[in-house]
Amino acid sequence: MLLRLILLTVLGGLALALAPGAASAQTQEPAATEQVSGTLRTNASGPIEGVEVVVTTAAGAEVETVETDDNGQWAVPLPGPGQYTVTIDADDLPDGVVLTGENTRTVTVDAGRNQGVIIALSDGSREAGGGTVRWVQLLVEGLRFGLLIAMAAVGLSLIFGTTGLTNFAHGELVTIGAIAAWFINVQGGVPLVPAALIAMVIGAGVGALNELAIWRPLRRRGTGLVAALVISIGLSLLLRYLYQIIFGGGSEAYADYRGQRAVDYGLFRMTNADLSSIVIALVVLLLVAVMLQRTKIGKAMRAVSDNRDLAASSGINVNRVILVVWMMGGALAALGGVLLGLSDEVQWDMGFRLLLLMFAGVTLGGLGTAYGALVGSIVVGVFVQMSTLVIPNDVKYVGGLLLLIVILIVRPQGILGSRVRVG
Amino acid sequence: MGELVDALAVALKAGLGFQAVFLALLAIGINVQFGYAGLLNFGQIAFAMLGGYGIAVSVSQWGLNFWVGVAVGILAAVVLALLLGLPTLRLRADYLAIATIAAAEGLRLLFRSVSATPVTNGTRGLSGFNADFVALAPWDTARRYGILGTRWSGAELWVTVVGWLLVALSCLLIWLLVRSPWGRVVKSIREDEDAVRSLGKNVYVYKMQALVLGGVLGSLGGMVYALGTASANPDQYQNANTFLAYAALILGGAARVLGPVVGAMLMFFIIQFADTGLRTLIGNGVIPEDLLSATDVAQLRFVLIGLGLMLLLVFRPQGIFGDRREVMLDAR
């Protein structure tokens, strides 16, 4: 219902604009260049380029006419303080975007001030069909999110299946992918696609390191599963805060594919980056399924997952299978991290926040089954997004976590799990 | 040398302060659940948050009496324990772990959300609810007092003293409980659930009692913390604190009455000493600023806790006082 506005404004000193007392003190300074500025964008269309903006004085004399740039931004320097009228040309707006009010706005500019101008726009989704569109939109977004969770969760589930380890440090494999790709992309200047591939290799490497340096020696020592679980929590804390030291506490975007305009597909809108991440996730998950079903190593994975002793006595090298599972899990989680970073920006604790939804997905699908993780994660992703139809956006994760607890009551073995596993 | 003494004094104060009480009560609660009953509660911080907010919301939002706030906090913790335990206690250990950590994170997100702002005041949190409690102090709370080279404000000292009293009472309670028939049943559940069941005991009920008791102890910890800081903010209750308490418990020795207390004091002493020491070294230029800045030190403590937790479990799972045979670290 709410896709409204937005001619948003970025001004030099927002704090000044909000504090009149401080502002009047500022007027005594040698007046720099007064100007009016703003940004034209809506949620669905992204930044709007090439719209004509005319600025006139209160008397009606034109100051300057400009067009918005590819970020939707415009700015006009002014001859001095005073009242100015800003008019945008409604004919330049892209299809579907309309003005919700007047196309002009009169602002008073104080000396030395960069005055922002807000003109309300609507991207028309309200008129185009109300509830249905929003419903489909959320479904598609949920699918995208669910596929991301699934990519990360397949490894989590297979690791549980083959070793019995509930790996609380799996979220950190997601984060390392996103952060590695960010450093390679932004600091190293490598395009995002090769950067993502390198990040996957790094993810696989970290997965292998996990297994070789920690978990294999611990299995050899006969460390219990609960001890292993607490150790994985220690590892998760260690890595997570190490990331914060290295990467910082803020959130950063990749250099490529920024601020894309959403393309209209009739019932829903989506940026090309989001659409590609759906396609990538689908293709990768299909490949994983084919591998599990058709290849020797895939069959071995399922065999070890099903009954480790029987697999070992049938001549399967269990340790090698587990190593491959860790590498695959690491690479998939890293790719999931890159795609998540693309849509939600990169943060030091993004993986940990995803971890709980991964657990929800894996539990829903059935702990230890690869396909269960897939199905469960997609359901969780769709549920989390669709729940915003009834609950506010900032508590949508709470809904997902609540779903997890409800699953545990109703069907603890999950959709595809077998009763035996629950104990 | 003077700096070293200063760092030691700061660390000593941390090891005895209300933060250590907070951690000790969390760890005592976890000790009941994990040490004695073998339950993996990874959401202990949620109980603490309910305790702290029980007082904060009752007093500053609803204008109720301080003691009503305490009751609200404890009641909320009991309800949460029942809600979490009902579906998960029949299942394998790791299900409870996942459900509790999810509940803790979910509750924190809920408390800081816009929709909860009328009650919890969102991310800005609540404050100004500890006046009634501070007024109970038998000494002048406006003065500052010096003990063993450390400086305490009167209010802080009062919270700390009451906190350690609570810790002592909880330890006494646990000591009595563990020696009672109840304690023996709970410990046997940890060792072999099926054997206990075959003796006709209702394992589910015993586990639930342990979960509720541990949760209530955790909520008391949260109250001490909220009173000590004189504010309640959702982000004070990050789930890393749960694992800090686990680390303290395992350091001191699980399934020992005094294990969590010693662990918590030692933990805070070490953390604060490392913290102050590192800051001093950075300030002196011994550690170059590019390698580690003063702002990174706060994060570094969690890195060290994570590392310490791993090393402890690998090399000395029984901690300082524990008995290796008694430490429940094998899942079924």
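Our numbering is plain: 1 for the first residue shown, then up by one each step along the chain.
Cβ atoms here come from the backbone N, Cα and C positions, even for glycine.
Annotation comment: TrEMBL describes A:1-25 as signal peptide. The feature region 'Disordered' is assigned by TrEMBL to A:22-44. Under the heading compositional bias 'Polar residues', TrEMBL lists A:26-44. If you look up TrEMBL, you'll see A:142-161, A:192-213, A:225-243, A:275-292, A:321-342, A:354-383, A:395-414 marked as transmembrane segment.
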Recorded stretches the transmembrane segment (A:142-161) and the transmembrane segment (A:354-383) touching, at least 3 CB pairs under 8 Å: yes
Do the transmembrane segment (A:275-292) and the transmembrane segment (A:321-342) share at least 3 Cβ pairs closer than 8 Å, excluding pairs fewer than 6 residues apart in sequence? yes
In the same chain, residues at least 6 away from the ends of the transmembrane segment (A:354-383) whose Cβ sits under 8 Å of its Cβ atoms read 139, 142-150, 152-154, 156-158, 160-161, 168, 170-171, 174, 285, 288-289, 292, 301-302, 305, 336, 340, 397, 399-401, 403-404, 407-408, 412-418, 421
Please report, as numbers and ranges, the same-chain residues at least 6 past the borders of the transmembrane segment (A:192-213) whose CB is under 8 Å from any CB of it. 155, 169, 173, 176-178, 180-181, 184-185, 235, 254-257, 322-323, 326-335, 337-338, 342
